[in-house]
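A.B. asks: One structure, pasted below without further comment.
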Amino acid sequence: MSEQSSSSRYQQLQNEEEPGENAQASADAPPPYSSIAGESSGLFDYKDELGFPKPPSYNVATTLPSYDEAERSKAEATIPLVPGRDDDFVARDDFDDADQLRIGNDGIFMLTFFMAFLFNWIGFFLSFCLTSSAAGRYGAISGFGLSLIKWILIVRFSTYFPGYFDGQYWLWWVFLVLGFLLFLRGFINYAKVRKMPDNFSTLPRTRVLFIY
C-alpha cells in the first residue's frame with residue numbers, strides 16, 4: 001500500500017510540473033518567420049519611402065578591376081595635369097630689376113632715337129648693337145626710319161642730287177613708305193612694352209620674346 005501511494009504521489013507531481021515546463025518552452029521559442037515578416041514589412045516600406053539608396057547587387061559589389069585597369073588608374077593619378085609648369089609660373093607682385101633693365105626706360109629710347117636720326121645707319125647700328133634693352137632697340141628702329149624719310153626728302157627736292165628719281169618716282173614712294181613704317185613700328189612697339197609691367201603685375205611669371 002505504501003509503495004502504491006508513493007508512486008501515485010510521484011506521478012501526480014510529474015503531472016503538475018509538465019504544464020509549467022511546456023509554458024516556459026513555448027515562451028522561449030522564437031516567433032515564426034511569417035509573423036516577423038508581417039510586422040517588419042511596414043518598417044521596410046517606410047525606409048523605401050524615405051529614399052534611402054538600396055545596396056548594390058552581389059555581382060556589382062564583388063566586381064573588381066583587372067590588373068591592367070588598376071595600373072592604368074594608378075598611373076593617371078600620379079601624372080600631373082600640366083607637367084613642368086610649376087617652375088615657369090611663379091607668382092609675383094611686380095617686375096624685378098632684371099626685367100626692368102631688359103625693357104629700359106624713356107631716356108634710353110630717346111638717346112638711341114637721336115643717335116640713329118642724326119648719324120643715320122652708323123648711329124642705327126651702334127645704338128642697336130650696344131644696347132640690349134627693348135627701349136634702346138626700338139628707339140634705334142624708330143630713329144632710323146625717320147632718318148630714312150629725311151634723306152629721301154633731301155635727295156628728292158635738293159638741287160645737289162639731280163636725276164636720282166627721274167622717271168622712277170615709285171622708288172621714291174617705296175623708300176618713303178618704308179621709313180614711315182619703321183618710324184611707327186618703333187614707337188608703337190615701345191608703347192606696348194611700356195604697358196607690360198602694368199598688365200603682368202598680377203599675373204604669373206611670363207617669359208616674353210621681343211621681336212624687333
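Backbone N, Cα and C define each Cβ position, glycine as well.
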A.B. asks: Based on the record in Swiss-Prot, is it correct that D68 and A134 are on the same side of the membrane?
C.D. replies: no
A.B. asks: Same chain, outside the transmembrane segment (108-128) by at least 6, Cβ under 8 Å from its Cβ: which residues?
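C.D. replies: Same-chain contacts beyond the ends: 135-144, 146-147, 150-151, 186, 190.
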A.B. asks: Using a Cβ cut-off under 8 Å, which residues of the same chain at least 6 positions beyond either end of the transmembrane segment (135-155) come close to it?
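C.D. replies: Beyond its ends, the transmembrane segment (135-155) has Cβ neighbours at 103-106, 108-118, 120-121, 123-124, 127-128, 161, 164-165, 172, 175-176, 178-187, 189-190, 193, 210, 212.
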A.B. asks: Would you mind listing the long-range same-chain contacts of the topological domain 'Extracellular' (129-134), meaning Cβ under 8 Å and 6+ residues beyond its ends?
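C.D. replies: Same-chain contacts beyond the flanks: 101-104, 108, 112, 140, 189-190, 193, 210.
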